[in-house]
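Peer 1: Got a structure for you, questions after.
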Amino acid sequence: MNIHEYQAKDILKKYGVRIQEGIVADTPEKAVEAAHQLQEQTGTEWFVVKAQIHAGGRGKGGGVKLAKSFDEVKEKAGAILGMQLVTPQTGPEGKLVRKVLISQDVYYPGASEPKEYYLSITLDRNTSQDVIIASTEGGMDIEEVAAKTPDKIVKEWIDPAVGLQGFQARKVAFAFGLSGNAFKEMVKFVTALYTAYRETDASLFEINPVLKTSDDKILAVDAKMNLDDNALYRHKDFAELRDITEEDPLEVEAGESGLNYVKLDGNVGCMVNGAGLAMATMDVIKLSGGEPANFLDVGGGANAKTVEAGFRIILKDPNVKAILINIFGGIVRCDRVANGVVEAYKQIGDIPVPIIVRLQGTNAEEGAKIIEESGLKVKSAILLKDAAQKVKEVLA
Ligand code: GDP
Ligand code: MN
């Protein structure tokens, strides 16, 4: 689950990670109120208005603006709220901005120049360990740094049995070239960041940039957090952080029906029980010359209701030219699934694309018979290779 910058910063603050302070707002008037409140709290003279969407690169797309007065806060919040923000991570259609984070300006002048760093923590699947990734090239796209100047990236793997060691946090601070108070602050920052990462069951924390202010404070200017869906049951309070307006509407609808759906770019919709069979089915679609339009696992108890919900979701994708239903009847019998398909078909009315149903397992023959005798535009197959052949025929 992805969350917004303002939510991620709230979490960081609870764990003692210093952040650029901010208050979220959804109207220009509330943005000005937030700025007044922020000035009382922090004494800041200037503000930054930051679009809250689930995508990075907002600065480049015009979603992060400096405001040097309350009037400018109002004007810039008004311009950003409601805009369709396009960044390198949103795709060309962009994302609608519903909230802005009004933040204190932390790039104020002082004894030294403010300096930006890159810091992230994620799971390295190759080593089965969490890894801290640090770079002096803060504020930049880390993929670009990795491609052009890989020597500017430092990685520190963390042994899960002992956790982050003091020397590792110090190594990161050394790699940034810090000394004195900034060094101490950075060690504290990295240590608290790691604790937050562990205790929230996150799969990614990315702080880009981490800022050393002109008076040697270390703080998070940006915060991207990815929380592990499979651990959310341990964090009931995180449920409210979910923003479904940021998610794919079809995936949200599928989730509500208990279906596991991922939209893809192809032309053959598929409905399968079991994730492994779904993956194999997608391979078969490719081998028969099609491209899967989606991944859809209807789960163990496929019935008329789940099949109908599956149909409806698949049919909302205008690219779908055919649907392949591939169900293995184990506990759920094929004749029941076949009846479910026929019933769902009748419920929805005329389905404009050909459907191939492959039922294998318990009562497969009975299932095939029900499909054949239904009089609907549905082809049945028992063997996967027949199903693939039929997909090929309907696409031709
Ligand atoms: P992103 O573009 O989505 O990664 O958003 P960030 O939160 O990283 O902000 C983008 C850029 O805005 C930062 O790299 C800074 O250069 C700038 N910025 C952020 N906060 C401030 C601030 O307090 N003052 C000034 N002057 N610039 C800021
Ligand atoms: Mn950033």
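Placed from the backbone N, Cα and C atoms, the Cβ positions cover glycine too.
Values in this document were obtained by computation on a predicted structure and should not be read as measured data.
Just lifted these from TrEMBL, have a look:
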type	residues	note
DOMAIN	2-210	domain 'ATP-grasp fold succinyl-CoA synthetase-type'
BINDING	Lys50, Gly57, Arg58, Gly59, Val106, Glu116	ATP binding site
BINDING	Asn208, Asp222	Mg(2+) binding site
DOMAIN	271-390	domain 'ATP-citrate synthase/succinyl-CoA ligase C-terminal'
BINDING	Asn273, Gly330, Ile331, Val332	substrate binding site
Peer 1: Can you give the largest Cα to Cα distance in Å, as a whole number, for the residues Asn273, Gly330, Ile331, Val332 that bind substrate in the record?
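Peer 2: Between the most distant Cα atoms of the substrate site, 11 Å.
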Peer 1: Using Cα coordinates, what distance in whole Å links Asp222 (Mg(2+) binding site) and Val332 (substrate binding site)?
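Peer 2: Per the Cα atoms, Asp222 (Mg(2+) binding site) and Val332 (substrate binding site) stand 49 Å apart.
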Peer 1: Can you list which of these binding-site residues (Gly57, Arg58, Val106, Asn208, Asp222, Val332) have a Cβ closer than 6 Å to ligand 2?
Peer 2: Asn208, Asp222
Peer 1: Please state how far apart, in Å and to a whole number, the two most distant Cα atoms are among Lys50, Gly57, Arg58, Gly59, Val106, Glu116, the recorded ATP-binding residues.
Peer 2: 19
Peer 1: Check the DSSP secondary structure of Val106 (ATP binding site), expressed as helix, strand or coil.
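Peer 2: It is coil.
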Peer 1: Those binding-site residues, Gly57, Asp222, Ile331: which ones have a Cβ sitting under 6 Å from ligand 1?
Peer 2: Gly57, Asp222
Peer 1: Based on DSSP, name the secondary structure state of Asn273 (substrate binding site): helix, strand or coil.
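Peer 2: The residue in question, Asn273 (substrate binding site), is coil (DSSP, three-state).
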Peer 1: Which residue among the binding-site residues Ile331, Val332 has the fewest other Cβ atoms within 10 Å of its Cβ, if you could check?
Peer 2: Ile331
Peer 1: Whose Cβ, among the binding-site residues Lys50, Arg58, has more other Cβ atoms within 10 Å than any of the rest?
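Peer 2: Compared across Lys50, Arg58, the most Cβ atoms within 10 Å surround Lys50.
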Peer 1: Between Ile331 (substrate binding site) and Gly57 (ATP binding site), how many Å separate their Cα atoms?
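Peer 2: Ile331 (substrate binding site) to Gly57 (ATP binding site), Cα-Cα distance: 48 Å.
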Peer 1: Same chain only, sequence gap of 6 or more: which residues have a CB within under 8 Å of the CB of Gly57 (ATP binding site)?
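Peer 2: Looking at Cβ-Cβ distances below 8 Å from Gly57 (ATP binding site), excluding near sequence neighbours, one finds Thr87, Pro88, Gln89, Asp141.
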